[in-house]
Amino acid sequence: MVCGCERNEHSIHRQQLWWTFLQSMCLCVPAISPGFVNADTIFSNNETSLHDIEIYGFDYDYTLAFYSKHLHTLIFNIARDILISKHRYPEGLQEYEYIPNFAVRGLHYDVQKALLMKIDAFHYIQLGTVYRGLHPVPDEEVIAMYEGCHVPLEIMSDFYGKSSHGHSMKQFMDIFSLPEMNLLSCVNDFFMRHNIDYEPVHLYKDVKEAIRDVHVKGIMYRAVDADIEKYICYGEQSHAVLKKLSEHGKKMFLITNSPFAFVNRGMSYIVGEDWRDLFDIVIVQADKPSFFNDRRKPFRRVTDKGALLWDRIHKLEKGQIYKQGNLYEFLRLTGWRGSKVLYFGDHIYSDLADLTLRHGWRTGAIIPELRKEIKIMNTQAYAQMSSWLQALTGLIEDMQIHRDPASEAVVAEWIKEREAMRPQTKSFFNAQFGSLFRTYQNPTYFSRRLSRFADIYMASISCLLNYDLKHTFFPRRTPLQHEAPLQHKQSTSTTSEFFLVY
């Protein structure tokens, strides 16, 4: 039995804890209004000066050419029909349509277990983001399957995000992979709903092949060519960037995996029929990432009609079109080496990784998802919830040293509230998988690779229009965990980062 005196002491102590809470809120949440982040900002991972850049290189898809939402629906529908017609999958798959907001880029897929999930920079699965088909897998089941939440290095995807040589995980890093994730999830869902026994590895390979056929067999290219206004957007901005660089005497080149006819049609729509006058070198069907690390493939000249010529290439000339080749030969013929070259692409692995690790080029990542995420971060609702969540986390950290029952009860309430709020902040970005950049307080695996392989990153190439060509991009010096927080205030319009808990 607890006497009235003891109950009063517990009550007083609880009040003192809540008073500490209120005082901490004043410190942890200095303002409820969101700090505005400009979506047209170029963000820096590594100090980069445009003054030093003499040569600018570009990928084509999702770098110079941006596609409308209709393209993903097109890819999904064609690949679904290929599964039915070529691989003899059930006709019932026709009932599935592309789900635009189901998946996000950067997710991992366990080929053996048929699970789609988000993994953080430390190889930990974010519970609540594991899906089998179109439905979440309970946390307890995930923990039982993986004996915890950690994914060992030996089963993670390989360097380029692929599931090969014993790696059972595949990472989807390409924007074009969104329809593939959708299709995998839909087919898995169909088989489970109809109690059909199937081999997940075969399913993955068949979907992969169907998606590949959409690209390799030219089905997507012909569809876009037939209705280019429906599928391509943002043309004027890309043209303005290229024109600006040309007027400042910068050399430019294009290296893309797409075929010449497709690129020519798109660039003629975006820039004009004379688009090739802007580029010093144009390389198509380059077969990236092999282009950057395989010395065996020589360049081959392509005529305007698409015919392949057999002459040996001794010089890469302006106005000509080249196919395949390799970067080592490119460097030998051009002399364009080191940090005077800046190359832009949307695929962290295929476009940027080898360039920064092996060749010392500067790299710029195009991340279209930034616009949506920054818009959400700038809202009052998100700012309030994330600030409150940060405050709770700080309180739990500071008050956990108190071991008396009253203190532990209050901390337990805070922990419960924090755990309830974290999925809510995740849902601001995507109901199933949350932000592209964070798994709660940790960076995602995607974000970790972005920070390693991209010197700068931005929502679109048009962000270059906001800076002169002598501008230097400085990464923010954020304190390491053992360093004291920096006290000086920085402008939120151009230097904000993704520091909140998603």
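Backbone N, Cα and C define each Cβ position, glycine as well.
Any TrEMBL annotation is an automated prediction that lacks curation.
What TrEMBL records for Asp59 is active site, nucleophile. Around Asp59 (active site, nucleophile), taking its Cβ as the centre, 25 other Cβ atoms fall within 10 Å, counting all chains.
Per TrEMBL, the feature active site, proton donor maps to Asp61. Close to Asp61 (active site, proton donor) in the fold, though at least 6 residues off in sequence, lie Tyr67, Phe176, Thr256, Asn257, Ser258, Asp346, each with a CB less than 8 Å from its CB.
Summarising the annotation, TrEMBL assigns Mg(2+) binding site to Asp59, Asp346.
For Asp61, the entry in TrEMBL reads GMP binding site.
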Practice problem: Provide the number of Cβ atoms within 10 Å of the Cβ of Asp346 (Mg(2+) binding site), excluding the reference atom itself. | Solution: 24
